[in-house]
Amino acid sequence: MRVVVIGAGVIGLSTALCIHERYHSVLQSLDVKVYAERFTPLTNTDVAAGLWQPYLSEPSNPQEAHWNQQTFNYLLSHIGSPNAADMGLAPVSGYNLFHEAVPDPYWKDVVLGFRKLTPRELDMFPDYSYGWFNTSLILEGRKYLQWLTERLTERGVKFLLRKVESFEEVARGGADVIINCTGVWAGALQPDPLLQPGRGQIIKVDAPWMKHFIITHDPERGIYKSPYIIPGIQAVTLGGIFQLGNWSETNNIQDHNTIWEGCCRLEPTMKDAKIVSECTGFRPVRPQVRLEREQLHVGSSNTEVIHNYGHGGYGLTIHWGCALEVAKIFGEILEERNLLRMPPSHL
Amino acid sequence: MDRLPGDQQSCSSTDEMRPMDTVRIAAVGAGVVGLSTAVCISKLVPRCSITVISDQFTPETTSDVAAGMLIPPVYPDTPIHKQKQWFKETFDHLFAIANSAEAEDAGVLLVSGWQIFRSIPTEEVPFWADVVLGFRKMTEDELKKFPQHVFGQAFTTLKCEGPAYLPWLEKRLKGSGGLILTRRVEDLWELHPSFDIVVNCSGLGSRQLAGDPKIFPVRGQVLKVQAPWVKHFIRDGSGLTYIYPGISNVTLGGTRQKGDWNLSPDAEISKGILSRCCALEPSLHGACDIREKVGLRPTRPGVRLEKELLAQGSRRLPVVHHYGHGSGGIAMHWGTALEAARLVSECAQALRTPAPKSKL
């Protein structure tokens, strides 16, 4: 069984690992390769701040809520392991701020210690009048990708720097199953009018006194368009940019100013923070994640493609649930082809 | 040395002062208590000059070793309402700094976390619960992270770091004309007649300077480590094991060794601290750049905050004692400093008020 995963961001690498973990011992032979044009630190995952937090409103596909929860619980189970920090994983608490009262989010019982902010806490944020406090998790993109790469390498998974022009090309190369984790660039392999870039720009600063995340919300402006401050393991990410349809990969000075002014207003202590780096990334925005199977007819054989892209600004938040779902679909493919020596233990 | 009873209110001196004279005040001790008292005095007492005199300055003071977490101790001899007042005043003072652009300079930051107990404590809600932010009981899910513990409190409090805060206080003091003098004071009388009032903030030094047998060290050994992924404090309710993330390192503790004056770190104790902290937070196995530190908490059944008029022959020296904060130096410093400044102000007033010579 030859599997090719296209894409080496969090979705590609975690899906590769999930499949290998579950099926390596139940298949006669399982060969997994990862093809990608960009590897860490050049992927969109590397730009993400890495805070586990879904969007506030319920997803149009209720499965996504389940996948988010599965991911949180999976990550939480690694807290308490000595290696958590190697994965880029750490608990972090913080504030979500609003201009007016809002209903509790659907994930309030997934995170830990969810509660409303007290008046004295709100005093710290004069522009806001309502908010939440909860404990969540940081999963730093770069560290996690490095960790995933190590785990995959240990398992003999090979990585190839390759620009894939078509699924057919990969199928003709001998792949039985292709996992399409090409994120925001999926349209190049198969047009998808529902997929758009949600351009984000972030500034990474040295502000080691910041131990909490602060995320502001402005329903009129939309998600990620309001300032946010998210501490990572070493640096703190400042953001607040979301531009649908903008493919510009260079940092923009106006966006820099928007982020800087917004975050300094939110948190006056940022004024003296030293800037470490600034980057741009593209959230793969889609009304819902595309996670489904498709059969390709290449020559006389059927190649299966499992699509797993379009995770918007919540890729890290949802990745493991999606990886498990892809693994389930992969299992169905194996059963159809009578390839399983014994039932897989993890489904 | 003749002494009048400790509750003597009068601070009159045989040396008469005219109302417009500058009152010369010496603060002995340059830890958090000495420096903050000097700053409070400079703001409260008109026409005074303040000199902080000490043989040790930051980063060599006890305040520099302390993690500086605002989780107050209990002083058996001090009424709870007073402790709460001191803690609240300190919290409010530092909270304002934490939310200002000065936070990094002053070494003040907000930290959230958990205090956990192996058995349900008699007092589930401590007196300071409404001073810190967002105090509540931990949920069952939160407690799962600590399988040896059955009860916990979650809250957000402040951390105030000596190595930054003390220089920040010194700068404030100098900005208002205060002076700093490096000198080891062996006897408070050395300060007479150069100074009109002495504020004794010498911590453990008061054993000698004030002849106070009630003050004794409680030795604390800690490790300062690099573990920047730790964003929460974790404190065992016994106070013996704690993890306090700060601006540039994480403090792991600790010990509470009564009557132990030894300032050298003990390697076995360090191993024990690391082991206990890793049991609470396994990711600390990856901590590096481990540095051992020792501080002697200046412990007393209650903070000594009172006036005393020293007398020797015809010489008089008004003293305000302000020491004995134990493990609560940083947590209580501003509240007690405000009170000490008020006492000093009373002394200054008395000196300036022409009074009949006191009959002794």
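Using the three backbone atoms N, Cα and C, a Cβ is placed for every residue, glycine included.
DSSP assigns A:G315 (FAD binding site) to a helix. Its own atom aside, the Cβ of A:G315 (FAD binding site) has 26 Cβ atoms within 10 angstroms in the protein chains shown. For A:A49, A:G50, A:L51, A:V164, A:T182, A:G312, A:G313, A:Y314, A:G315, A:L316, A:T317, the entry in TrEMBL reads FAD binding site.
DSSP assigns A:Q53 (D-dopa binding site) to coil, not to a helix or a strand. A C-beta separation below 8 Å, combined with a sequence spacing of at least six in one chain, links A:Q53 (D-dopa binding site) to A:W107, A:V111, A:S136, A:I215, A:Y314, A:T317. Summarising the annotation, TrEMBL assigns D-dopa binding site to A:Q53, A:H217.
What TrEMBL records for A:Y228, A:R283, A:G313 is D-serine binding site.
Annotation source TrEMBL lists domain 'FAD dependent oxidoreductase' at A:2-328.
A:Y228 (D-serine binding site) has A:H217 nearby among the binding-site residues A:L51, A:T182, A:H217, A:G313, A:G315, counting only those with a Cα within 10 angstroms of its own Cα. Cα-Cα distance from A:R283 (D-serine binding site) to A:G315 (FAD binding site): 9 Å (rounded to the nearest whole number). Put simply, A:H217 (D-dopa binding site) is 29 Å from A:T182 (FAD binding site) when counted between their Cα atoms. Least crowded of the binding-site residues (A:A49, A:L51), judged by neighbouring Cβ atoms within 10 Å of its own Cβ: A:L51. Every protein chain considered, the tally of other Cβ atoms within 10 Å of the Cβ of A:H217 (D-dopa binding site) stands at 22. Of the recorded residues, A:L51 (FAD binding site) and A:H217 (D-dopa binding site) place their C-alpha atoms 15 Å from one another.
Neighbour count (other Cβ atoms within 10 Å of the Cβ, all protein chains): 28 for A:T317 (FAD binding site).
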